[in-house]
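Feature annotations, reproduced from TrEMBL:
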- 1-23: signal peptide (SIGNAL)
- 33-72: domain 'Leucine-rich repeat-containing N-terminal plant-type' (DOMAIN)
- 174-319: domain 'Disease resistance R13L4/SHOC-2-like LRR' (DOMAIN)
- 408-727: domain 'Disease resistance R13L4/SHOC-2-like LRR' (DOMAIN)
- 888-912: transmembrane segment (TRANSMEM)
């Protein structure tokens with residue numbers, strides 16, 4: 001019986017065996033087909049495959065396991081790894097990705113995938129490695145991967161909070177990188193349960209903040225901790241010293257404060273320490289000297305103080321040492337760096353270091369970058385025959401260095417960047433500088449260098465920026481400069497260069513910035529400037545150059561039509577330039593923002609096309625001091641960004657341009673010394689001029705009443721509109737080998753609040769609304785035919801520093817309210833019909849007889865004519881009535897304006913009426929009262 005049973009069972013197994021084989025085969029085929037279907041779904045979601053990596057390779061004609069980027073396991077023949085990194089793919093992730101149930105590694109880094117990760121993504125429970133970095137994924141961070149060891153989501157758009165409970169599902173996590181996302185939480189406490197963590201990289205989420213938890217010390221397996229570029233506050237926890245395996249610590253660019261904890265000395269495996277751009281204080285702890293494996297010590301942009309620590313010489317493996325922009329003081333010890341043979345980058349700039357540059361630095365044979373700028377170093381390098389074969393960057397600018405530039409600097413043959421500006425260097429530029437053939441940037445500006453620019457400068461064929469302005473150089477601009485065809489910026493302004501601008505300058509076809517202003521250059525302006533198609537800024541003002549603008553063949557101005565990037569153009573104060581402005585200046589393809597052609601003997605009309613100059617850009621237009629005729633072109637109404645308009649000292653004949661009031665940004669309007677005529681009042685015009693701060697209509701033929709509406713609309717003089725900036729400045733962005741640099745050219749034109757309507761034919765009374773212009777610094781209504789009293793509302797002009805009402809027909813008493821003008825420095829009431837006692841007190845006690853001459857009815861101090869008793873009693877009554885009414889104004893003035901110096905007013909007037917901004921520095925040294933007189937004292941006897 002037993003034998004029969006066994007026979008029957010055996011027979012059944014033989015009969016069922018084919019079924020089992022077929023079933024197993026079908027099941028296996030279905031599973032690999034599932035993986036194939038998931039990957040084909042992913043391929044279908046790819047919208048861009050420029051290298052055709054998947055299009056030509058992922059085909060059903062071949063096995064899935066042979067597809068590019070796909071790895072199958074040998075045991076089950078299932079997809080276990082998918083690596084599509086750096087294939088330039090664009091697309092989204094389909095839900096079918098969750099069917100790759102045997103997947104252990106997924107790498108999609110460095111592509112352009114975007115969108116949410118599907119919910120099915122969390123079905124991949126076998127995943128150990130996920131790298132989705134450098135894409136555009138967004139949404140919440142995926143989790144629930146119990147076997148996951150590596151998770152990198154850096155440089156995506158993941159946002160929101162990091163859930164603390166997510167780390168309960170990641171017990172084996174070793175690497176977590178969330179850098180460069182938009183996460184907005186504090187460090188979750190659940191993170192500290194991941195005891196296996198070796199790398200935490202949360203840098204540059206910006207919205208991450210809070211206090212650094214002391215529990216960070218529990219993650220004793222950590223090798224790398226990067227939390228920089230966030231909003232962490234408070235101090236560095238002492239427990240940071242418990243991370244004994246730490247090799248890199250980066251807490252840069254946060255809001256940390258306090259001292260560097262001495263427990264950091266426990267981190268003996270540390271190779272990189274970056275605590276830069278915080279608010280750390282105190283001295284650098286000597287315990288850092290115990291970190292003998294340290295290769296990079298980066299502490300710049302803090303508030304550390306004290307001398308350079310001597311323990312630095314213990315850190316013999318140091319390659320980068322950056323303590324710049326702190327408050328370190330004292331001298332650089334001569335032997336500090338002699339034991340640092342691997343040092344490659346040293347930056348101590350922006351401190352308070354003094355004394356000499358130690359020669360011991362030159363024992364660092366690997367040194368590539370030496371930056372000591374913005375200190376108080378006093379002696380230029382005595383380098384003798386020393387060579388630094390690896391040095392590429394030498395930055396000593398903004399120190400107190402004296403002496404000559406040593407010719408031995410040519411020994412630094414690998415030098416690419418040389419910055420010696422803003423020192424007290426003298427002597428010549430050594431011709432040996434031409435041996436530095438790798439040089440890319442050379443800046444010797446703001447020194448006292450003399451002699452000529454050596455022609456060997458033309459050997460610097462790799463030079464991109466040459467800047468030697470504000471020295472005492474003379475002689476010609478060498479023609480060899482035309483050899484430097486990679487030059488993008490050439491600045492030689494404010495020297496004493498002579499001779500012509502060499503036509504070879506047209507070879508510099510990469511040039512974006514050319515500033516030769518304030519020299520003594522002569523000859524014709526070369527038309528080869530038109531070859532500089534990428535030119536952004538051209539300034540050849542303040543020379544003795546010549547050109548005939550009206551000649552289309554020889555005019556450099558016409559040739560500039562090729563410069564389609566030109567945004568700054570000034571050839572002002574070249575008196576040998578003549579002719580008329582060509583229609584080219586209306587070329588709408590040129591994005592001009594700044595145009596200054598003042599004092600150039602230009603004649604004819606202002607071309608109507610001038611308003612076509614990409615009107616959304618033009619901010620400054622200065623044509624003063626020429627011989628221009630005709631009217632102000634109506635096309636200027638298109639220039640919606642215009643801030644400054646100066647057409648003073650010409651022969652323009654026109655009525656007041658009410659339509660300029662429609663320009664929303666106009667702050668300076670100067671029509672001085674022309675033949676404008678008629679009334680300023682216009683009932684058909686809705687006055688605006690709401691941003692206007694400086695208006696000069698003097699020396700014209702305007703008549704009629706002073707326009708009440710005009711004064712009412714000057715909101716920028718009533719504290720209703722703030723100031724954009726004190727100076728008119730211009731910035732140009734230059735792109736040099738992919739690096740965008742911003743150069744700012746500041747035109748020293750202080751835009752002060754002043755009104756000058758003098759030397760016209762205005763009549764009638766002064767409107768009371770003028771007294772509402774509380775920010776007004778200067779008011780000149782002299783040499784008109786104004787009548788009536790001085791408005792008592794003038795006492796509200798709390799900021800006023802200069803007032804000239806002379807040579808009118810004003811009558812009545814001087815209002816006692818004017819004694820409230822506590823900053824008044826200049827007062828002129830000459831030749832009116834004023835009577836009664838002169839108010840006493842405050843600033844009025846400082847004015848002399850000359851302020852009141854030609855008013856026979858005035859009496860009292862400082863005049864010799866005494867007042868009658870009835871006049872004194874009336875004055876006392878007026879002062880008592882006024883006492884309480886102005887108390888509030890007095891307090892506002894004291895809080896808002898500080899002192900009553902008149903420094904700016906005269907400068908502003910001269911700058912805008914003569915167009916010579918470079919006078920500013922020279923004039924500061926003159927007597928202040930003389931400057932005021934030069935503005936208001938027109939000496940009309």
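Using N, Cα and C of the backbone, Cβ positions are placed for all residues, glycine too.
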- Message: Are there residues at least six beyond either end of the domain 'Leucine-rich repeat-containing N-terminal plant-type' (33-72) with Cβ under 8 Å to its Cβ atoms? List them, or say none.
- Response: 78-84, 87-94, 96-102, 105, 112
- In the domain 'Leucine-rich repeat-containing N-terminal plant-type' (33-72), how many residues does DSSP assign to helix, to strand and to coil? 15 helix, 6 strand, 19 coil
- Item | Overall pLDDT for the domain 'Disease resistance R13L4/SHOC-2-like LRR' (174-319), taken as the rounded mean | 95
- Task: Sort the residues of the domain 'Disease resistance R13L4/SHOC-2-like LRR' (174-319) into helix, strand and coil with DSSP and give the three counts.
- Result: 30 helix, 37 strand, 79 coil
